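Visitor: Shown below is the structure under consideration.
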Protein chains: 2
Amino acid sequence: MTDRDPTLAQVGEFTVIDRIVAGRAQPPSVVLGPGDDAAIVLAGDGRTVVSTDMLVQDRHFRLDWSTPYDIGRKAIAQNAADAEAMGATPTAFVVAFGAPKETPASAAVAMSDGMWAEVAKFGAGIVGGDLVSAPLWVVSVTVLGDLGGREPVRRDTARPGDIVAVIGELGRSAAGYALWLKGICEPAELRRRHLVPEPPYGQGAAAARAGASSMTDVSDGLAADLGHIAAASGVRIDLSRQALRADHDALAPVAAGTGDDAWDWVLGGGEDHALVATFAGAPPPGWRTIGRVLDGAAGVDLDGEPWRGSAGWQSF
Amino acid sequence: MTDRDPTLAQVGEFTVIDRIVAGRAQPPSVVLGPGDDAAIVLAGDGRTVVSTDMLVQDRHFRLDWSTPYDIGRKAIAQNAADAEAMGATPTAFVVAFGAPKETPASAAVAMSDGMWAEVAKFGAGIVGGDLVSAPLWVVSVTVLGDLGGREPVRRDTARPGDIVAVIGELGRSAAGYALWLKGICEPAELRRRHLVPEPPYGQGAAAARAGASSMTDVSDGLAADLGHIAAASGVRIDLSRQALRADHDALAPVAAGTGDDAWDWVLGGGEDHALVATFAGAPPPGWRTIGRVLDGAAGVDLDGEPWRGSAGWQSF
């Protein structure tokens, strides 16, 4: 640690927070930003969408793979995707950050920079937070969102006869993870995708406007997350291998190099935060139809057969 | 670990969440509770108050002192106090919980029971959360609050000539901490106070209605937290030793037993989450006048002399 790289303990909580907060431009929906006991945000249509996710070092990210900036982007992206998955627009975030006292204060500022870079993509603000001492990095983010007067798009309202459609990347994060684990440097873009997802911002609201009957984001894996919709809605979902072939084929050469099955990545890989939804009519432009909703016991099939691959992300 | 006490890993994330969520009655302001990608809460007056705090094992609580139920109560109480300190009523919470996979699932349920017991005091709900694996307990809570059409009570709006008043306990948590550290069993009530604060719920809104010019909750210590008001408002705050004597005298016998100075607890002890505010007129019933706001360099005095005791809680 050089003199130029003082630690959180040396700089102190309040000075670090001052540095993190300095010069950030809050959007018009923020009535009161950081610096008081709480922030105040306009609730567009009189309702607030709220969701929270916690990222733990060595469980959800590694400090030898991700920069603090990457971690900040990922933490915002995965929370924003939860608001998107309701059909909402993410508007404001609060961030609780635990880290060892030896952590360079510049790392906390860099993480905040990454968070602000990510929220800039959809015009939200980071309105408050907490900074505490912890034996390892823990980043807990809460997103607030605005439904813009629309009904929320839930998980328990898919109907037999609907089509299933997706927008955003599938299997990229899982493929990138395999590359990192095996020390394979290319494709570098896939390695990046594992560190920083690229959710299809704005498409949650687009799906809601198009009448999506149910929606979720792909955080645990396509089959696992559709399994949640199937269970909540009491329907069977049948995915089409043919419709997903382009996703498979894009990853097949990489899978050949790592010794994996690209189908496992496409159907079982999470953390890309694609949006998957069901529609009685046509999905919005850019969405790919990948299956259909059927009557039957709750579950997910691939071409009529139960999917026997990865059960998706396990928290424990 | 007996068969009757299965772990988080044995039970699994989704089943534990089902148990935590089962049978909870959400208040009418909750449009959509747990179980989807996000929850939806009514924003009473079109604005949402939001604040977040992270509690880390062995930093903010000890598992050999606090039960999971206690930790749940404390985590809610300290976040609720942040909403109260704006003059708002806490309405909804989301909770991110990290714990080792060997943690009994019953402990997570007990923590949730404590959280629900605490929110029942003011009619709020716990509307969502996240459950992840971590090497130690980390509890990150976000509170949403409703200003009921009132202006928020900020920290930067105290005015010379105002009186300073407080409601709630001072120094009790610090006294209890000393008892725990030194293995002194009585007064048991003070030991309890260290584990579970008793914020004066409803008094934040009462202060706002009474025209409080500034307010905060005592989380770091009375002098430290008033120092934040003094710095933000550009005022000097003079506390009266005589006005605080009852708080001191209540703790003096305990301090004699632990070898501490009760003034350090009253002026420097945090975590009781009393509310302290400034008023141009009379404070609401039950508030104790303890000082006044003066022109002068930002800072906090006791009877005209700078307070030289504890600087309050240090995060690092």
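Any Cβ shown, glycine's included, is placed from N, Cα and C.
Below, the features straight out of TrEMBL:
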DOMAIN    B:35-145  domain 'PurM-like N-terminal'
BINDING   B:Asp37, B:Asp82, B:Asp217  Mg(2+) 3 binding site
BINDING   B:Asp37, B:Ser51, B:Asp82  Mg(2+) 4 binding site
BINDING   B:Thr52, B:Asp53, B:Asp130  Mg(2+) 1 binding site
BINDING   B:Asp53, B:Asp82  Mg(2+) 2 binding site
BINDING   B:His60, B:Glu271, B:Trp313  substrate binding site
BINDING   B:Gly129, B:Asp130, B:Arg155, B:Ser219  ATP binding site
DOMAIN    B:159-245  domain 'PurM-like C-terminal'
BINDING   B:Asp220  Mg(2+) 5 binding site
Visitor: Determine, using Cα-Cα distances only, which of these binding-site residues is closest to B:Glu271 (substrate binding site): B:Ser51, B:Asp130, B:Asp220.
Guide: B:Asp220
Visitor: Hey, how far is B:Gly129 (ATP binding site) from B:Thr52 (Mg(2+) 1 binding site), Cα to Cα, in Å?
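Guide: A Cα-Cα distance of 13 Å.
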Visitor: Using a 10 angstroms cut-off on Cβ to Cβ distances, just flag whichever of B:Ser51, B:Asp82, B:Glu271 is the loneliest among these binding-site residues.
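Guide: It is B:Glu271 that, of the binding-site residues B:Ser51, B:Asp82, B:Glu271, has the fewest other Cβ atoms within 10 Å.
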Visitor: CB neighbours of B:Asp53 (Mg(2+) 1 binding site) within 10 A?
Guide: 23
Visitor: By CA-CA distance, flag whichever of B:Ser51, B:Asp53, B:Asp130 among the binding-site residues is nearest to B:Asp82 (Mg(2+) 3 binding site).
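Guide: Among B:Ser51, B:Asp53, B:Asp130, B:Ser51.
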Visitor: List every residue in the same chain as B:Thr52 (Mg(2+) 1 binding site), at least 6 positions away in sequence, whose Cβ is under 8 Å from its Cβ.
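Guide: When sequence neighbours closer than 6 are ignored, B:Thr52 (Mg(2+) 1 binding site) has B:Asn79, B:Ser140, B:Val141, B:Thr142, B:Val143 within Cβ distance under 8 Å.
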Visitor: Within the domain 'PurM-like N-terminal' (B:35-145), count helix residues (DSSP H, G, I), strand residues (E, B) and coil residues, in that order.
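Guide: Split by secondary structure, the domain 'PurM-like N-terminal' (B:35-145) comes out as 32 helix, 45 strand, 34 coil.
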Visitor: Report, in sequence order, every one of the binding-site residues (B:Asp130, B:Asp220, B:Glu271, B:Trp313) having a CB within less than 8 angstroms of a CB belonging to chain A; if no such residue exists, report 'none'.
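Guide: Cβ contacts with chain A under 8 Å: B:Asp130.
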Visitor: Looking only at the domain 'PurM-like N-terminal' (B:35-145), what is the model's average confidence as pLDDT?
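Guide: Reported value for the domain 'PurM-like N-terminal' (B:35-145) is a mean pLDDT of 97.
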